[in-house]
Amino acid sequence: MRSSRRTDSVALTLVGLSVVASVVLYATLPSEMAVQFSDGTPSSVVSKPVGAFAVPAVGVVVVVGIRLAPRLGLDRTRSPDLGVLLTGVIVAYVHALILLWNTGTRFQPTLAVLPLLVVVIGITVYVKSRGTESGV
């Protein structure tokens, strides 16, 4: 239980830092924010409030969902802590990229997501090597 609380704290701190970043940068964000990209350019925009706070809100919902799943008979993972931690990391990283783009920092979105892909593949290989069928 102690490990779960620590994991929740880390994940929710990462999500919380995303919210803090949105609050700090809110005045500098455009009225419509790019949130989805195709061929290296924005392909979908949303209003500033949605762009600034939707990703962290979804992160909190996912963490809560992972924790409630066993109580609802929907638990399909042997490592919910890993799922919670991965959620926090993904939300913080993706939201940071969204904020960077929308404050004027230009980068190749596909390349920017590669480090996250490497982390997810690494975790998947690690979990599979431990012999668990569904580790995340």
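Note: Cβ is positioned from N, Cα and C throughout, glycine not excepted.
According to TrEMBL, the protein has these features:
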TRANSMEM  12-29  transmembrane segment
DOMAIN    14-59  domain 'DUF1648'
TRANSMEM  49-70  transmembrane segment
TRANSMEM  82-101  transmembrane segment
TRANSMEM  107-127  transmembrane segment
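Pairs of Cβ atoms less than 8 Å apart link the transmembrane segment (82-101) most often to 49-70, out of 12-29, 49-70, 107-127. For the domain 'DUF1648' (14-59), the model gives a mean pLDDT of 96. Secondary structure of the domain 'DUF1648' (14-59) per DSSP (helix as H, G, I; strand as E, B; remaining residues coil): 27 helix, 14 strand, 5 coil.
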